[in-house]
Each structure stands twice: as structure tokens, then as C-alpha cells.
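In Swiss-Prot this protein carries:
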DOMAIN    13-288  domain 'tr-type G'
BINDING   22-29, 86-90, 140-143  GTP binding site
């Protein structure tokens, strides 16, 4: 191994790429701010309620006190570089969590000390499971009235179905919370007043916690040492184990997912953050300590992903990286890239292997939220922002042309709400179009289309807040004032039974005419969210060169369903037979025939309208439960379960999105502002007949 490669591998061991994620208001941005303060990135602690945080740098984020985008921040701790991504908690911005977890090696899950595990934490946890991201849990806000570490801890098993192992226990509760018991070193860590939590000291474990700490330490030893036979043997021989060995076992368990280490504190009151940083270094993996990334299966092929080759993180290989975020600002377009293999220098030309074209990297930056530090090269394990890429979007692979690997693709959620967007002046049409193109390039969960009948520009997103933010950005960042239509449900159409349709397209108007005949079977798809095409033509009744035109015609026509003009989804179409004419047939003729065949065939295949069904979770005081449940029933909701925690009740229901517009105002009014709710897309379901008739009549 060359000296330079050895140096690169050594440097790699000192990198941590982590995300901080949680339910909205659990304190993840506050936790990030404390980390930046203690690591010296910022010299003043920003506060969410004051609108001056480092990672929430967009105007809308500071006004609303929520995180909208994933801000990337680099900091140093104990001779290690930590790249942190602070992600949104609001479900409307789940795309940001998805793409961040996709490129990280570890994560801190911030859990609120009063409520415990909440819906968005569950959603994010499942996403992290999908990408096998090692995790540390930080139970936060233990200074709050009603905070209970042990209750919050119990929700980890109950709602996430995991083996959670505390590495700390709290000292004191609510306003008397002063520190933690460190179960690894078996000592108390107590924070001193003033100096924004920068000063703390170690002392003996308080007498009233010694028994509880001994029990928790035993649980930690039993669980962690099971990861290493030699460590377990040493423990049996000596009755204890060296701290370094115990830490190594905890790290092994955290990376494998056998158990999840749990820390605690209160970021807002500056207690518990430094040990959390130590835990990031001690227990979360360096880039080369995780499996790496799978290559993508060939386009259109079904392959068991367990058999796909893995690209390991390797500084000595040919360059390969994944673009996971695009930002347009006053300086141009920034493309955030996670590097998995090799080294790249500014000015190099690389291949976008997803699209098959070359890109030249102009400059590269390490980001500190909206501030940037230029770097001349990046290597395996790095996260950096590239300037100069012309045609690269989220999810594209960038690689050395000598080894044009395509990395595993990202999956993005389906938008469920539409609004129409029209500029207030004709002069602003082009300006608005360019702005919306930039915004949709940044955000793959945002879709843009033109209504074929009205000519209106339609913007589709994940929720009312999502679209509200986009409209606000149009005005602030791009100077476009627009008239916005009321939010509309993004309905879909599908079919419920198979049907075979034959259609002949014949046109003769002097000279050569047009002729094409197709026989197509339409059937419900066995795979959700997919339109599948199969060609079963034999004997050349439809020449091979015209087959793509048939597929193109059906896919184009499927954007306008036969019932109410909504996109048709979840169906399979099979070309069975057809006829052609030596002179009059053409690709265009077969495309036209396929479109007409779709229009006629779908009418006889049991078409139905689908509506988005949302998972709704409402937290309400006991005395309002009856009113809330009754109202949900009136909204066609189906109650899933109810859980009581003290004087509040958590109600889970599935409710059609159509019935949830404006719900927050109604809920506040009905409960005098004491209830709250979260909502996220769950699935599409056929609408009842009376609702379908209403929708069809409105679209006529």
C-alpha cells in the first residue's frame, strides 16, 4: 500500500458523516446549534425561537422556527471531522430526510423527553432501517415539565421494536435536571452554571442512583459484551472489563444494529451535548467501517438487491460519488455529492453515468450551512458541494469514465396535493417558468405540469406547508408574485379487471395515408406504483420498429384517465397482436392507434378513481376525545387506535386527504388550541361511489 493511500485511509478513519433527525419540535436544530458552538464553528449559540440558527438559514425557516432543507455543516471534535446534516421534522419535507439518510454513515435520533417516540420519528426510523444507518438515540428536553426519561425510553421498544441500551441515566428531573450518570465509566457528569454549558465536572454517582446505575450497567455489559467472545471471557475472568474494550463492543453493536445506544440531556439548557459528541466519535462508524453502497440494477430489470455488487468506500479506487441535493443560490447551482470511492480534484472532468454525459467540476466547497470554504480536492468519505455541473440532478451517479459504475438509485414519495400557479402579470411568465424549473430541480418531491385543457401551470407537492413554502420562495428569491389556486387533491385512476381491446387507426386523405391496428390487453398491475408493458406479438404482425411507438402512446395517454382526466396508475398493458400496411404504417400511426385503444379499452376495464389516504395522529386532552373522534368519523376517517398518556390521548386514524383541508383551524377551535396533529401519506384507495360521481361531474 502506497504512503499516500495509507494517509488517505488514516484520514478516512477520522471522518464521521452523520445526520440529526427527529419529529418536529423535538430539538434537533437546537442540538445541532450546541454542537456547532462547542466545536467552535459558531461563536454564539443560535436559538430557533430567536430565528438566528446556523442550519436554519432560509428566511422561511427562521420565521417559522422549522427546518425545511437539509443544511450541511462541517465541524471538528477530538481530532475528527464531523459532517452533520440537520434534517426537517415536518412530514411535508420528508424528502430531505430520505436523501440525507441515503448518503450518511450514522445518525443521531433526537427523541422528546415528554412525548417519547412520535410519528415522524417512526417514519424516519423506518427510512434509516431501509438504508441500514447505524444510530445513537438522544432523549432530549429532560428539563421540561412532564419530562420522563424512563417513559420516553419505554416508547423506543414499544414503537420502534428495537433493543435500546442506555449509556447514561439522568440526574434530577425537569427543572432539577443537572447532569447524567455515565454507565460506561461509572461516574456522574454534572454541568456547572454559566458559560453556556461549556464547563462540567465529574463526581461520584449520587447515592440515590447507585443501585439503579449498577443494574443499568449490568444490562449494558450483558448486551454489549455479547458482541465479542474474547471480551465476554475477560469479563467472566475479572468481573469487569476495560473501558476501551467496552466501547469497542458498543460500537460493534451500534454498527450492526443489534442494539441502539441511548444518551440523554437537554440541548436547550446546554447539558449533555459534549458526551453526545464523544459518542459520535466512539460509537458511530467512519466511512470505511460500513458496508458501502450497492450498484443500481440495469434499467428495467428485476434483480434481488441482495445479489447486487457493493462499492466499498475506498480512497484508492476510481472516483465514484452520488449527487444527493441541488441548491440554486445567487452564486449559481450547488450540487451536494457524497464521495464513495477515489479522489477528485477541482477542474476534473467526470461522467454522469446515470445520464451518460460528461460534467466538468469547476470548484468544490465544504459547507457551513450557507457559508462555504473552498477545497481543491475531495476523497472517499467526503461530503462536498460542487459548482459547475450542468445537467446533474438528485440521485445521479458521478464517476470516473474508466469505471462508469451506476450507484443505487433514490426513491422519492408521490406528491398528493396540487395547486395552480399563475403569474400576476404576463411579463412574469418566463421568469416564473424558469424559477419553477429551478425549484423542481432542487426538490424531487415537487412536480410541475401543464393542464392540457386549461393551460394552467400545476404544482404538486407533499402537503399544504410544502407548497406554501415554495410559493413564498417564488416571491422572495425570484421576485415572482403569483395567483395561487386553492389546494386540490391529487387523485389517480386505475382499473379493476382485465379487458382486451382492438383498435384500428385508418386515415386516407390523398397520397400516402395512415394505418395501424393494435390488440392490447389492459389489466390491473401486480406491482403498485408501476405501469408495466409486455410485448407478446408473434409473427411480425406489428414490426419491431413500431413496438416502442405503441408503448409511448399508452404511457402518454395514461396521464389523462378516462373517468375524470387524472393520471392512470397501477396497470399492465400487453400488446397481443396487430396489423400494418407496407406503405401507410408509421410510428406515428401506431402511437395514435395505441392512444385511442387506451381511451376505449380503459372504459371497459372497471375504471375507478383513487384518493390519497393519510395517516393522522392527533394528541388531545382527555375531555375533547369524544368531539375529535366524532369529527374524524364525519370526515370518513377510520380510527386505528387510541393511547392514553396522563391527561392526554393520542388518536391514530386513516382519513382521506380531501377531508383534511383546513383541519388545523377546526381542531384548534374545537379544543381551544389544546390539541395538535400530524399527517402523512399512507396509500391510495378507491373513492366511494357518491364521491366519484361528484369528482366526475366537477371535471366534466
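Placed from the backbone N, Cα and C atoms, the Cβ positions cover glycine too.
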Inset, instruction - Using all protein chains in view, find how many other C-beta atoms are within 10 Å of the C-beta of residue 25 (GTP binding site). - result: 19
Inset, instruction - Count the other Cβ atoms sitting within 10 Å of the Cβ of residue 22 (GTP binding site), across every protein chain shown. - result: 28
Inset, instruction - Would you count the other CB atoms within 10 A of the CB of residue 142 (GTP binding site), including those on all shown protein chains? - result: 26
Legend entry - Reported mean pLDDT - the domain 'tr-type G' (13-288): 82
Legend entry - residue 25 (GTP binding site) in three-state DSSP notation: coil
